[in-house]
Amino acid sequence: MSAPKIPFPKQLRNEQAVTIYAGFLCGLIVCVASARWWHAWCNRTSRPSSVGGVRSFSRRARILITSTLERRTPWPWFGRPSIGLVLLVAVYLTVNVILCHTLLSSHAINHFASRYGWMGAANMSLCVFFGMKNTPLSLISRASHATINIFHRIVGYVAVFLIVLHAIVYLFHFGGQGKWEQFIRPSDLAGIGAGLAMLTLLVFGLYRHRNYELFYATHVVGFLVAIGLAYLHRPNWAKKLPIVMIFMGVIWGADRIVRGARVLRNLLNNAATIYPLPGGGTRVLIKKLSAEDAPGSHVYLWIPGLRLFQMHPFTVVSSGRSGLELVVKSHDGFTRALGDLAIDQPGGAAWVSVDGPYASLPDVEAYDKLVLIAGGSGAAFTFGLMNRMLRHPERLASQTIEFIWAVRHTEQLEWFAKHLKRLIRPGSGVKVTVYVTNAQPGEDIFVLPDVPKYEGDEEDREEEPLLGGCPSRHTEHTAGITLEYNKLDIETVVGDAVISSDNHQRILISTCGPKTLMDAVRDSVDMHCRKTNNSIDVHCEDFGS
């Protein structure tokens, strides 16, 4: 029997670099997760009454560090990332640059090209890991897959860049030697195909918000083509690339199997009742519930009779006797088709399933004051979060809660009428303010149904007017709601919430809605964090795609 072939020094050095990279990534994940757990623990254990002396100094230092890391940078072309995210990405990129250009067995150009390929493959694996819906990082880091998705995109860009660099440097290497025939070998043609598939992922990824269905289809197909051709690029197992590609396929496939099994389980004996809502809204009541369903989380809705190959995320507003409730705003594509179905067949049933729930909701019990701000259909999250909290009303006695909702027209209040009534009933302790931006006092009279005894009952009982004619004023105080007929001024709302808080309180500002709204909330919090002794955290619910 012949002895196993000893790898070339170039491959040994490449393996060493990738091993170091894997260790660095594990350490970085542990550091970030530990910081998040430490911050959450401090929020839970720190009490305003216990602040003093050394504790006061350490608390102030923690608030200063946290607020600085969460402060947004003035770089709109990058989406204005936080300082903490910029530092994290800078460390990640620095280590990539170092490992791409050190630990080489030779400084010949082909050794650099080979290293770019190895690091590109390593980052492809990391990209797939960050893109999983059922990711173990959610348990480790207290972050949902939607929060982690930004790293999926960043690592994906780096992987594509390294693959392109790998191809360009090898082009110079073999082209300079006149060995153009190298590029028509089957293995290298497979590598070129894998690179083109990666570029396709990048190009369509930049347009994911314009046409999500097209982006998603090309993402799945492009990924499968990329790993298949990359496997064929270096099929020799001694080269280790097949192992990396199989690992990627296994974790991607495992995530898909888990999601598929959940969808099939929820598809059995399930149906949804669909109702049209005024102002372009749709209410979906899904019959089948699971123990995991929780208001405030989001699920991926599948209606095979409407769009066989599409699933889209929506927030769970409530889960009760009438089913799992979703409220959807009609835009284009799937949501418009859903709205048209509700109008054509109001109260009709459809065969549905859901994948989820997914979420990493804030620990609301760790705060003294909660400020919930929503715009339009983004209130599905804030109402969902409140419904989750109202399951244990005794825990709210020591908290101050402000609920702010901005809508264009009063008719949109009907979307969450039952839940709005729950918030304003006596003893709830919730201060509710609604901003109507495109209407004048007295234009509409909205009837708010009474709240059933049990959440989820479909029957509405007594009805009373919520909005009455009041043409001479821009503010109404009626039925426990402060109604403002003007634009929502985020800076004023956040400023008033902070100023009215006691010293050294822990404040959570949670928001969902248009990107401009969430950006304004974060900017306002950044400004007020520098002027207060309170600990202020922001949770922006943006599960996007």
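From the backbone N, Cα and C atoms, a Cβ is placed for every residue, glycine too.
A TrEMBL annotation is a machine prediction, not a hand-curated record.
Straight from TrEMBL, the features:
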- 20-38: transmembrane segment (TRANSMEM)
- 82-104: transmembrane segment (TRANSMEM)
- 116-133: transmembrane segment (TRANSMEM)
- 154-174: transmembrane segment (TRANSMEM)
- 189-207: transmembrane segment (TRANSMEM)
- 214-234: transmembrane segment (TRANSMEM)
- 256-364: domain 'FAD-binding FR-type' (DOMAIN)
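Most Cβ pairs under 8 Å with the transmembrane segment (116-133) belong to 154-174, among the candidate stretches 20-38, 82-104, 154-174, 214-234. Residue counts for the domain 'FAD-binding FR-type' (256-364) under DSSP (helix as H, G, I; strand as E, B; rest coil) come to 24 helix, 42 strand, 43 coil. Sequence-distant contacts of the transmembrane segment (214-234), counting only residues of its own chain at least 6 positions beyond either end whose CB sits under 8 Å from a CB of the stretch, comprise 121, 124, 128, 186-188, 190-191, 193-194, 197-198, 200-201, 204-205, 207-208, 241-242, 245-246, 248-249, 252, 309, 545. Long-range neighbours of the transmembrane segment (82-104) within the same chain, counting only residues 6 or more positions beyond its ends whose Cβ lies under 8 Å from a Cβ of the stretch, are 10, 13, 16-17, 20-21, 24, 28, 32, 68-73, 111-112, 115-116, 119, 123, 150, 154-155, 158, 162.
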